[in-house]
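Let me begin by presenting the structure, written as C-alpha cells, before commenting on it.
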Amino acid sequence: MVRIPLLIAILVACLVTGGDYAISLAVVIGLQALPALGLTLLTGYTGQISLGHAAFYGLGAYGSALIGAALGLPALLSVIIASALVAGIAWAIGWLVFRLKGHHLAMATLAFGIIVQIAFVEMHFLTGGPNGLSGIEPLSIFGKDLITDAQVLPVVWGAVILAVLFAQNLISSPAGLVMRAIAEGDKVVGSLGNDVAAIKRKVMMLSGFLCAVGGGLYAHYVGYLSPGPFDVGFSVRLLLMVALGGFANIWGVLFGVAFVTLVGEALKPLGAFDVIAYGTLLVVSVIFFPRGLMAGIAEPVVAQARRFRKVAAR
C-alpha cells in the first residue's frame, strides 16, 4: 500500500510548494476523481457503459445545496444525505436501463443525462434555471468555514482516498470477482445462480453515490451552480478519464483524471468545441491504448528495460 503514502506526499508537497493555481487544479482533480472512480466500478469492472453520470454529479450538487439551505444543515452532512438520495435514484435508474445492453444501454443513460440537465434548466423554482443557484454554504469543519483552496484540498482528497480504499477492497472481494465476470459475460454468471440484474443495480447505486459525493463537494466548494457543468460533455470527459486510466484500473483512473484536467486547461480557448477534442481523445485511447494511456506508455519502457538488463547480464 505504498501508493497511498505517495499520494499523500504529493498532496502535501503541492500544499507546501505549489502556488494558488496548482492547489486549485489539485482540488478540481479530486472533485472529478470521485465520479470517475464511480464510473470505473460500473463501466471498467462491470462492463456497463454509461453516458449519464454527469446527471448523478449534478443531482448531488443541487441536492446538497438545496438540502443544506432548506434544513440548515452543515455542508458535509448535506453532501452525505444528498448522496444517499442520489444512490437511491441510481438504483431506480439501474432497474430501468439494465434491461438493455450495449449501445441501447448507452443511449438510455445518455437520454437520462439529457433529461436531468433539461430539468436543471427548466425548474427555476428549485435550481434557479439558467441564472443558477448562488449563496451556497461553504464547506466547514467544527464550525470553521473552509474558504481557501488549501483548506478545501484535504477534505476533497480525504474523500478520494476513502473512495479508492473502498473500491480496492470491493474489487479484491468475491463481489469484485463477480463484477468482473459480469463484464466478461453475464449469462455465465447468471447460470451459476447469481442475480445479475440485482448486482448491476447495486454497482450503479455505489457509482451514483460516489458521483453525488463529488457533486456535493463541488457545490459547496464553488458556492454557485448552473446547469452548464452537468451536460453530456462532462459525461464524455468522465468516460475519457476512465478510458485513459485503463477502464479496470483504480489508480490508472486518477492518472486519467489528472491528464484530462490538465489537457482541459489547454483546451479552454476552444470553448464549447472542446467536446470534439475530448471525443477524439476517447477514440484514440480506445483504439491505440486499450489498456489505458499509462499502461500503453509504461509497458514498452518496462519491456525495453528488461531487455537491457538481459543483455547486460550476458
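Backbone N, Cα and C atoms are what each Cβ position is placed from, and that goes for glycine too.
Curation plays no part in TrEMBL annotations; they are all automatic predictions.
Looking at the stretches 179-202, 275-298, the one that TrEMBL records under the feature transmembrane segment is 275-298.
By the Cβ criterion (distance under 8 Å, sequence gap of 6 or more), the transmembrane segment (79-98) is counted as touching the transmembrane segment (203-226), at least 3 such pairs being found. Counted over residue pairs 6 or more apart, the CB atoms of the transmembrane segment (146-167) and the transmembrane segment (203-226) come under 8 Å in at least three pairs, which marks the two as touching. Residues of the same chain lying 6 or more positions beyond the ends of the transmembrane segment (54-73) and with a Cβ under 8 Å from any Cβ of it are 35, 38, 79, 81-83, 85-86, 89-90, 112-113, 115-117, 120, 126-127, 133, 135-137, 207-208, 211-216, 218-220, 225, 227, 229-235, 238.
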